Amino acid sequence: MSPQTETKASVGFKAGVKDYKLTYYTPDYETKDTDILAAFRVTPQPGVPPXXXXXXXXXESSTGTWTTVWTDGXTSLDRXXXXXXXXXXVPGEENQYIAYVAYPLDLFEEGSVTNMFTSIVGNVFGFKALRALRLEDLRIPPAYSKTFLGPPHGIQVERDKLNKYGRPLLGCTIKPKLGLSAKNYGRAVYECLRGGLDFTKDDENVNSQPFMRWRXXFLFCAEALYKAQAETGEIKGHYLNATAGTCEEMIKRAVFARELGVPIVMHDYLTGGFTANTSLAHYCRDNGLLLHIHRAMHAVIDRQKNHGXXFRVXXKALRMSGGDHIXXGTVVGKLEGDRESTLGFVDLLRDDYIEKDRSRGIFFTQDWVSMPGVIPVASGGIHVWHMPALTEIFGDDAVLQFGGGTLGHPWGNAPGAVANRVALEACVQARNEGRDLAVEGNEIIREASKWS
């Protein structure tokens, strides 16, 4: 082998493996308005320079492969390569970097969250050069978000359908989540709605098990719903879980729900998958059903601080795929979630335009243009004494879900529901009068409970 070839090989190739940095690390790249931008938290293996690790992430999630192939010459790679625009060290963390990657819009299929994720978080998370990798945030440009229909209805249309304004909505997950017969399940639904809640909810595990088949559950819940509506004069809903083993079965359940005339169905969007979720969202939009989204399995993806994908990414994807409600953490209950980043999720779900704010974990300014908002649902270990805090944290456009907080009431389900409704109305009224809920909250609830 001539010495000339040897030197050439050592520049660009090591045993056939490309030095990704040459093609993909472009610190002088100016991002375009149509690029999808990603912020990755990269933890390189010892000895791997950050720039190389960042470029590896960019390469594997776009056009790269481990060697040079002759078909590269048959296309214009520069047009379609993702570019790692910048890598900045994370303050206070050793060996962690935030890598910013820009993806040209042409890399993605329109209207497909599935394709977007397959590209951006597909193979790259198993990469040898990285000890850990976390997708912290995505900026979805209007040019791409406009190819999605988004939520079937959105916040305003939901309020109009339910005729409920000026306060958060109240929900309750029926417990025990598994084991009740359809008749007893329907009875619990009726008692909660009759007591004053707006919604009750199937737990995410309730699909169609031997002790309660889905059709039986749907029928008893619809009966409970109509009875409670007739007695209270308010519109009521029960999230009927349409999640099933196949897309066809799921749509069949949604059709049955529509035939019963109920207002809302539910889907587990991470276990069910984005493709199924988008299909169901389109069906709900066409047929006037609201769609509640449960995020079962999210902690598998977002719990690790240095690996996985942050929940704000999964939430943005849901807003594009379609859903009218999604559980977004509580700040005060039994599940993990700090106040600032939870409020960040909530704004990304509800607002039209969200400014970049690193203190809340928002890496990019996100402009949703006119895509409808998603109502965040606070659920998980909250009870009536959390009401002042919840009213203050979430504001009016939220659903507050008390499972054990309703059904665990010593006097029974209906009084539990009454307690929640009374506390909510008292807190909203006090807030509107300008009282400080953080200071006087418990006193306000005690006062209200005297007369209810």
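Including glycine, each Cβ sits where the backbone N, Cα and C put it.
Counting only same-chain residues at least 6 apart in sequence, those with a Cβ under 8 Å from the Cβ of K175 (active site, proton acceptor) are D203, G403, G404, L407. Among the features that Swiss-Prot reports, active site, proton acceptor is placed at K175 (among others).
Positions annotated as active site, proton acceptor by Swiss-Prot, on the basis of sequence analysis: H294 (among others). Take the CB of H294 (active site, proton acceptor) and look out to 10 A: across all protein chains shown you find 28 other CB atoms.
Taken from Swiss-Prot, the feature substrate binding site covers N123, T173, K177, R295, X327, S379. Counted within 10 Å of its Cβ, the other Cβ atoms near X327 (substrate binding site) come to 21, all protein chains included.
Look at K201 (Mg(2+) binding site): DSSP puts it in a strand. For K201 (Mg(2+) binding site), the number of other Cβ atoms no farther than 10 Å from its own Cβ, over all displayed protein chains, is 30. Swiss-Prot lists K201, D203, E204 with the feature Mg(2+) binding site, giving sequence analysis as the kind of evidence.
According to Swiss-Prot, the N-acetylproline annotation covers P3, on the basis of sequence analysis.
The feature N6,N6,N6-trimethyllysine is assigned by Swiss-Prot to K14, with sequence analysis given as support.
The N6-carboxylysine annotation in Swiss-Prot covers K201 and rests on sequence analysis.
Per Swiss-Prot, site 'Transition state stabilizer' is recorded for K334, and the stated evidence type is sequence analysis.
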Fewest other Cβ within 10 angstroms of its own Cβ, chosen from the binding-site residues N123, T173, S379: N123
Of the binding-site residues listed as N123, T173, K177, the one whose CA lies nearest the CA of H294 (active site, proton acceptor): T173
Check: same-chain CB within 8 A of Mg(2+) site center, minus K201, D203, E204: T173, I174, K177, D202, N205, V206, Y239, N241, M266, H294
D203 (Mg(2+) binding site) CB neighbourhood, other CB atoms within 10 A: 18
Lowest local Cβ density among K177, R295, which the record lists as binding-site residues, within 10 Å: K177
Max pairwise CA distance, angstrom, over record-listed substrate binders N123, T173, K177, R295, X327, S379: 37
Intrachain C-beta neighbours of E204 (Mg(2+) binding site), sequence separation six or more, cut-off 8 angstroms: N241, T243, D268, T271, H294, A296
